[in-house]
Amino acid sequence: MIGRLRGVLIEKQAPEVLIDVNGVGYELQMPLTSFYELPELNQPTTVYTHFVVREDAQLLYGFITKQERSLFRLLIKANGVGPKLALTILSGMTASEFVGCVERDDIVTLVKLPGVGKKTAERLLVEMRDKLKSLMEASVGSEREFVLQSNYSPAPVVNSAEEDAISALISLGYKPPQASKAVSAAFKEGMDSETLIKAALKSML
């Protein structure tokens, strides 16, 4: 089991990152809420991980805090929710926003996420209510608890920010026309791909 990685961030293109740990490169997938908090390339970083072994692949999922990882682990235990959908949920909203949806029985917001239908949303609200309560109690005293206060600083604008943003949204489960429309509507001159992804996601919720 790989529970944490500390190394140098050498590649990042949402939602995937590559971290060099003593000469070994680890590929991870991260929810965008965690991805936004990564440092610039070639800077040291620490991420908490969840390791998934399948017949055809071994996958690492990365998170900035233990609480975010704990929520991911609760999500994948819910009926009908696998790692991919859990990653999509935590990319579409922060952990605190998800907790708020559960507390308010907010199905309307949940079903706007790709891959989350009405039945899945209803199951999540029922199954997660008690689990989230205990998780939040356990996180009391944590530096950030469930509030994600990003210290993200946009990287210099790169070529094809729109293409990168569309690609990231498609990888999260959005259909290409839907992703393209959202990115085009959210794009403003000077935006880097990460800021554009965040704006496009916000416009769809």
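Each Cβ is built from the backbone N, Cα and C atoms, and glycine gets one as well.
Helix, strand and coil counts from DSSP across the region 'Domain I' (1-64) read 4 helix, 38 strand, 22 coil. The region 'Domain I' annotation in Swiss-Prot covers 1-64.
Summarising the annotation, Swiss-Prot assigns region 'Domain II' to 65-143 and lists sequence analysis as the type of evidence.
The annotation region 'Flexible linker' is assigned in Swiss-Prot to 144-156.
The annotation region 'Domain III' is assigned in Swiss-Prot to 157-205 on the grounds of sequence analysis.
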Helix, strand and coil counts within the region 'Domain II' (65-143) (DSSP): 57 helix, 0 strand, 22 coil
Confidence summary (mean pLDDT) of the region 'Domain I' (1-64): 93
